[in-house]
Every structure is written in C-alpha cells, then in structure tokens.
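Asker: Pasting a structure here, questions to come.
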Amino acid sequence: MTTVRVERLPHAEGLALPAYETTGSAGMDLRAAVAEFEPVVLQPGERKLIPTGLKIALEPGYEAQVRPRSGLALKHGVTCLNSPGTIDSDYRGEVGVILINHGQIPFEIRRGERIAQLVIASYAQAVMAGVEALDETARGAGGFGSTGR
Ligand SMILES: O=c1ccn([C@H]2C[C@H](O)[C@@H](COP(=O)(O)OP(=O)(O)OP(=O)(O)O)O2)c(=O)[nH]1
C-alpha cells in the first residue's frame, strides 16, 4: 500500500476524488473537471486534453498510469491517445487525460464524467551500461511475430 497525496484545484470542487469502485479494482476512475454548463465535445477524430482538477504527489518509486475505460472505448470509440499515460512521481502539475474520439459521432464530456482510470504501479530506474556485445540467446533477434501469428 502506498499513499498518494492529492490536491484538488478550484475547478474540481465538488467532484469526488478518485477511488476504487470495488475491493479488487486496479484503477481509480478519473473525472472530467470541465465546466458545468460547458460540456466539452470531441468531434470524430478529434483529441483534447481534459482536465481532472487534481494534482498528485506519488511516493518515490511509484508512477501513476492513466488508462482508458473499456466501456467508453466499446460504446463510443473514446479512448486515451497516449495510453498508458505516465504520471511521474515528481510531477506536480494538473493530471490531464488526452482523449480521442475514434467513433463516428460527436462525444460530449460532462462535468464529473468518469473518463479514464488511474493505476498506481511501482517502477525501477536503471543505469544503462554500455557493452561491446550482448550475450547470445535462443531467440536472438527474432521478434515481431517470429514465433507465428
Ligand atoms: O496522460 C498524461 C501523461 C502525462 N501527464 C503529465 C504527468 C507527467 O509526469 C508529465 C509528463 O508526461 P510525459 O513524460 O509522458 O510527457 P513528455 O511529452 O515526455 O513531456 P515532458 O518533457 O514534460 O516529460 O505530464 C498527464 O497529466 N497525463
């Protein structure tokens, strides 16, 4: 268990903080902090940065991944363009969600709508060690479907 400190910006006032919907949920839903009477519309093929009104501070060694919601993708063709988005542990700006409408009709994003989910994950930082040649393996350079379909 890790703690994520959350600062709610004025335009997120009244919106529920991200929380797990069920005890086994991996992601906490992120809500759109768009203006109440000015829903944002995504035209077919259009992408926009949607504000969440939240700033977060992750403990060192943790990242947050902004992932799409399958319901929005299946029903409306709306997904996160840069999936999964990465929130770095030292990022202190507002968390944004880059949504794109792959559907055929405009999609309206209303205030408080759950537009993506946030998965907290641990990560490792590595040191890149330059070598003359890498060790041999059975796979070698095989990839991109080399084992079949
Ligand atoms: O879906 C996203 C992806 C990123 N970010 C924020 C948090 C992250 O820590 C920062 C930078 O993201 P990333 O490293 O993906 O962006 P970049 O294009 O490499 O920009 P930078 O040069 O600022 O790192 O932007 C979001 O709010 N939502």
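For all residues, glycine too, the Cβ spot is worked out from N, Cα and C.
Fair warning: this is a prediction, and the values are worked out from it, not measured in the lab.
Grabbed the feature section from TrEMBL, which reads as follows:
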{"type": "BINDING", "residues": "ARG69, SER70, GLY71, ASN82, THR86, ILE87, ASP88", "note": "substrate binding site"}
{"type": "DOMAIN", "residues": "17-148", "note": "domain 'dUTPase-like'"}
Asker: Could you tell me which of the binding-site residues ARG69, SER70, GLY71 have their C-beta within a distance under 6 angstroms of some atom of ligand 1?
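Answerer: Not one meets the Cβ criterion.
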Asker: So, in DSSP terms, is THR86 (substrate binding site) helix, strand, or coil?
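Answerer: Where THR86 (substrate binding site) sits, the three-state DSSP reduction gives strand.
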Asker: For ASP88 (substrate binding site), just count the other CB atoms lying within 10 A of its CB, please.
Answerer: 11
Asker: Take the Cβ of THR86 (substrate binding site) and count every other Cβ within 10 Å, whichever protein chain it belongs to.
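Answerer: Counting Cβ neighbours of THR86 (substrate binding site) within 10 Å gives 12.
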Asker: Using the residues the record lists for substrate (ARG69, SER70, GLY71, ASN82, THR86, ILE87, ASP88), what whole-number Å value is the largest Cα to Cα distance?
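Answerer: Between the most distant Cα atoms of the substrate site, 26 Å.
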Asker: Quick one: give me the count of other CB atoms within 10 A of the CB of ARG69 (substrate binding site).
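Answerer: Its Cβ has 18 other Cβ atoms within 10 Å.
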Asker: Would you mind giving the whole-number mean pLDDT across the domain 'dUTPase-like' (17-148)?
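Answerer: Looking only at the domain 'dUTPase-like' (17-148), pLDDT averages out to 97.
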